[in-house]
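Lifted from TrEMBL, the feature list:
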type	residues	note
TRANSMEM	25-43	transmembrane segment
TRANSMEM	55-88	transmembrane segment
TRANSMEM	108-138	transmembrane segment
TRANSMEM	159-179	transmembrane segment
TRANSMEM	191-221	transmembrane segment
TRANSMEM	242-265	transmembrane segment
TRANSMEM	277-308	transmembrane segment
TRANSMEM	320-339	transmembrane segment
TRANSMEM	396-417	transmembrane segment
TRANSMEM	437-457	transmembrane segment
Amino acid sequence: MLGVTEWHIGSGFLFLPPTQRTAEMLPTHFGALVAGIALILLWRSGILAMLRMTLLFSLMGGSAAIILTALGGSTIQPAIFALGFLFLKAVLPGPGQAQKFQIAAKDLSFLAIFILYGVAGAFILPNIFAGTIAVTPLRPIPNGYIFAAFPLGFSSQNITSAVYLLATLIAALAGHIASQGQKSEIAIARTAAIVCAVHALLGLSSVLLAGTAWVSVLKFFRNGFYAQLDQSFDGFVRMNGIWPEPAVFAAYGFAWLVFVTELWLRNVEPKWTGRSAALLVVALLISTSTTAYIGLAAYGLIIGFRMLFFPGSVSMRKALLLLSGGMVGIAAILALLAFNPDAAASFADFVAKFTLDKASSASALQRSFWAKQGIEAFWATGGLGVGPGSFRSSSIVTAVIGSTGLIGTAALLAHLIRVFKPHYRSTYLRVDDTRRATGVAASWAAIVMLIPATFSAASPDPGFIWGFFSGFALALRRLPPEHQVS
């Protein structure tokens, strides 16, 4: 068990004193579990099995597989650790592997430019522009002033951000290569449904079983060096499952919700995807997370506009199911609150505290301050950026602009257009081919999941789940079944 950690602040960044850096890397029990399963699959199974393992381990967002004490206690999540084994499986010599890699590299060229520029910039740009502007460090400062800022400089967070950016690129490459196999769309759809259901159940259990021994089980999975927040107010417990806090729980769940909902709308494994989507919607609705509510509202509007401007994009039966499901949910909540006015008042105060009241709170002012740093960094560096990990933002838009400058921003926009394919009819209308339908669903997920990040992301990294969706979308929409690489 780790002892008490004494953190120090230097140049605005948290670090461990040399006497406490007893080892550069500390593997955990979760790391051993990942390595054991991955080595078995590496030897005995195909790449789809390894992909499914990685996606399932992504559920453990509050866990640490490896603790990097040399980087101030930064941690590597189980899914990121598993990603290394997945990439190894993807590049091992085999029939058609070289061709698969070439196809993936070509499709992901713009993403590679964004990532590689960001990685190089994380090491170079903070040193070039050191001290030119004052920024808030990416790692939060405990009990710090809400507008705390320090001279720009290189830190361990630049290294960590570069590693996570590379993980996003690796996820996209591995996801693309794995998706080129036959029947990959079925494996991906069913795994996505399982991920959604498990995530929803863990979230619901963290609320319904609060105050019981189950809480200790959930805490066992939260061994990462993150801000592990159990937020409660007036008897209500906020939902976070095995994630550090409600916002990241909701952001992860929303990304998968969009994917499985799009799969269900396109009749891809509808029994699997429909039920898991319904369960996750319930969880997100009662999560009281602003991230969840912004995402759900935006996605609901998107589906509504698609039904309005592209008739037939959603079947009438499913449109009625969506409408009736929403009405039943609203009616159930209203009926429940009507029978207990005191509970209704308490719940209203609870929701307001964690959603509406934030708009005029110190937190809102702080987030506005963080977001503006990206624009300031862009102009101060002549459009080059200050490198990922150099500052904390509250929007992925300004984080990308300030961190990667004009080059990175243009490359990312080009990649998003390539993934979404706004000029393709299949993006908006239903297609009969399951493979292409799965690719379209991944396209929508890769775009829509960025909506909450626009209002909350601290760094320019869209995340490895987004990387997977990008790879799925480009592979499954590019290659019709008769031209698959076997």
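Every residue, even glycine, has its Cβ placed from backbone N, Cα and C.
Note that the structure is predicted; figures quoted are calculated from it, not measured.
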Stretch in 55-88, 159-179, 242-265, 396-417 most in contact with the transmembrane segment (437-457), if contact is a CB pair under 8 A: 242-265
Do the transmembrane segment (159-179) and the transmembrane segment (55-88) come close, with at least three CB pairs under 8 A (pairs 6 or more apart in sequence)? yes
Please indicate, using numbers and ranges, the residues of the same chain that are 6 or more beyond the transmembrane segment (191-221) and have a C-beta under 8 Å from a C-beta there. 30, 51-52, 55-56, 58-60, 62-63, 228, 232, 237-242, 249, 252-253, 256-257, 259-260, 263, 269, 272-273, 275-277, 279-280, 282-283, 286-287
Of 25-43, 108-138, 277-308, whichever stretch has the most CB pairs under 8 A to the transmembrane segment (396-417): 108-138
Of the listed stretches (25-43, 55-88, 108-138, 277-308), which one yields the highest count of Cβ-Cβ distances below 8 Å with the transmembrane segment (242-265)? 277-308
